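To start, the structure itself, in structure tokens.
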Amino acid sequence: MSKVDVDLGDLLAKVLPTGVKVTIRHISSAPTPCTALFTPPPGEESESTFCENHFLTVSVNADEHDGPEIIVFGIEVLVYSTAHLTTVFVSKADSTGFLHLLKNAPKVSLIRRISNGFLSFLVQTHQRPGVRLVVSLFARAQNQYLFPGSIENSGKHVLDDRGLIKWWCRVVDPILREYEPESGSHEKGLLDRAMESAKSSATAFLIVPGCDKFETRGFFPGTAKSDDKERPRWLNSYPLHQLCDNTDAPPRCLVPRFPDDPKTRFLLDLDDELPQKLEAAGSKEGAGQWRSVKSLDQFWEMMSFRQECSAGRLVGFLWLVINPPGLVNSVQMTSSRPVFKEKAEGSLTTTVPVYDKVDSKPTGTAVSVSTDSQSSDTAKDSTAEATSGGPVQDPSTQTGSLSSETHPKVQPNTDQNAFYWPEAGRGHAVMSEEDYKTAINFLLEQDFYNEKVSIASTKAWSEKVASIVDQLWVGQQVTGRNTSGESADKHAPTTNIINTGLVRKRKKDEPSQATTATSAQKEGCEGNGTVSTAVTAEASTTGTNESPGVNVLQANLIRKKKKA
């Protein structure tokens with residue numbers, strides 16, 4: 001649920017060290033219909049998708065006493081919304097190299113804390129009841145993204161590919177820690193499901209093409225080492241079941257297509273292998289299938305041979321899946337996309353989505369297309385791309401043949417709408433998509449190769465934004481008030497509260513829990529070797545504040561030590 005009381009300035013003040021003064025400018029656009037992120041399976045049309053643009057710049061005073069402003073950091077985030085999924089995609093982030101002008105600059109990473117605060121703000125304000133949210137980004141090292149000429153500044157520190165992947169994992173990790181963990185197993189009992197679905201839960205996923213599982217774990221933040229192996233917070237895998245409603249669809253339908261994304265360029269190249277309409281019409285099995293890549297695992301394996309992911313460079317793809325209360329990772333996405341009768345009868349044709357020219361130059365925003373008036377009320381993690389004409393079948397008549405037996409699906413919610421625009425999540429300046437592009441293009445035309453030019457460019461940018469929205473000044477001044485060395489948004493883990501109706505009463509002739517727990521510590525838990533602190537299930541309902549972060553074990557899970 002959207003937290004309407006969240007303020008971006010207040011959130012950043014909590015994570016910035018005490019006394020640090022910055023000026024932020026957050027501009028955003030109204031949600032507009034856009035190309036869906038996922039290509040629809042043959043015989044289905046794409047789901048209704050809206051895109052909302054957000055751009056944040058952070059400035060400091062060049063002199064100690066209210067000197068001219070100079071931009072030190074910028075980040076662009078695209079928020080895609082469908083009826084049953086919200087995707088927060090980090091498009092671009094860049095610095096100018098002038099952060100050293102901040103007097104008495106602390107040693108902590110201000111850029112990392114600001115990035116974390118901005119993403120946390122968008123996540124909190126865009127959460128919807130019963131709708132899964134995913135933060136998605138790809139980490140690719142590059143000299144400059146947003147500020148032309150900034151690479152010439154000696155104060156700009158450009159991370160290498162490995163350092164950048166680790167940096168983004170550390171940015172996302174505090175957001176992950178705000179939510180409960182989940183069990184890594186899909187074979188969960190009633191007690192596990194009740195505990196995990198009682199609160200919002202989250203899991204992070206990371207894939208680095210060309211790296212095996214052992215190498216990928218080296219990119220995880222340090223906090224991952226202390227996570228329970230039975231309830232991991234970081235996984236080296238792709239969240240297929242959390243993002244896709246039909247895991248049996250062709251691989252091209254299972255990967256989202258973001259602007260200026262290495263995956264998108266590879267997908268478009270593979271689409272050249274699609275069979276022609278005449279060939280596809282005679283074979284249902286070959287519809288929507290590439291000739292070379294036949295599975296999703298093969299797609300990720302081939303990604304490591306792409307020029308952007310090879311030649312000594314690594315690219316990290318990161319997803320943070322946040323499940324609202326009532327959903328867990330094992331609950332698979334579902335879709336109410338209409339299925340066309342004409343195509344369902346056998347004349348399956350494959351449509352290739354139409355994109356703007358995709359090259360190595362950042363595109364900035366998603367492609368806008370016109371959509372039908374009819375709404376499709378369920379979504380994949382992202383959505384589909386091409387639309388087709390023809391009679392539409394009622395979504396309620398669709399069968400569940402596409403569902404996975406091992407992954408229960410989210411029930412369609414016909415009351416949901418793909419359009420979502422929370423007031424609390426809007427920027428200091430709200431623009432139309434056209435005005436937003438004008439403002440971003442104006443910034444990309446400026447120069448930031450030295451301090452004097454950067455000050456002039458910052459002034460021109462701020463005046464341009466104010467003129468577009470017809471205001472004298474746009475922005476907010478923020479003063480940090482975090483006195484601790486750690487980020488203020490890190491929450492201590494809390495003990496899970498078990499529903500008392502699910503707690504099994506201990507028989508009188510059983511030994512006490514404390515004695516059993518002690519023996520279990522000595523002997524070890526089955527399949528794990530060691531056991532940390534154990535408490536009774538009954539005590540967890542009343543003593544949640546005494547021992548935060550402890551593991552709660554049921555009596556039937558603890559083995560009795562054999563007598564010598």
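The backbone N, Cα and C atoms fix where each Cβ goes, and this holds for glycine too.
Spatially close to Trp167 (acetyl-CoA binding site) yet at least six residues away along the chain are Arg112, Ala139, Leu159, judged by Cβ distances under 8 angstroms. In the three-state DSSP assignment, the secondary structure recorded for Trp167 (acetyl-CoA binding site) is helix. Per Swiss-Prot, acetyl-CoA binding site is recorded for Phe138, His157, Val158, Leu159, Trp167.
Counting every protein chain shown, the Cβ of Asp261 (active site, proton donor/acceptor) has 23 other Cβ atoms within 10 Å. Among the features that Swiss-Prot reports, active site, proton donor/acceptor is placed at Asp261.
What Swiss-Prot records for Lys263 is N6-acetyllysine, and it gives similarity to another entry as the kind of evidence. Sequence-distant neighbours of Lys263 (N6-acetyllysine) (same chain, 6+ residues apart, CB-CB distance under 8 A): Phe138, Val255, Pro256, Arg257, Met303, Phe317.
Residues annotated as region 'Disordered' in Swiss-Prot: 355-420 (among others).
The compositional bias 'Low complexity' annotation in Swiss-Prot covers 366-377 (among others).
Annotated compositional bias 'Polar residues' per Swiss-Prot: 394-417 (among others), in sequence order.
The feature region 'Disordered' is assigned by Swiss-Prot to 506-549 (among others).
Under the heading compositional bias 'Polar residues', Swiss-Prot lists 512-521 (among others).
The compositional bias 'Low complexity' annotation in Swiss-Prot covers 529-544 (among others).
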* Val158 (acetyl-CoA binding site) has how many other Cβ neighbours within 10 Å of its own Cβ? -> 15
* To do: Please report the number of other Cβ atoms within 10 Å of the Cβ of Leu159 (acetyl-CoA binding site).
  => 13
* Structure fact -> Spacing of the two Cα atoms, Val158 (acetyl-CoA binding site) and Asp261 (active site, proton donor/acceptor), in whole angstrom, works out to 20
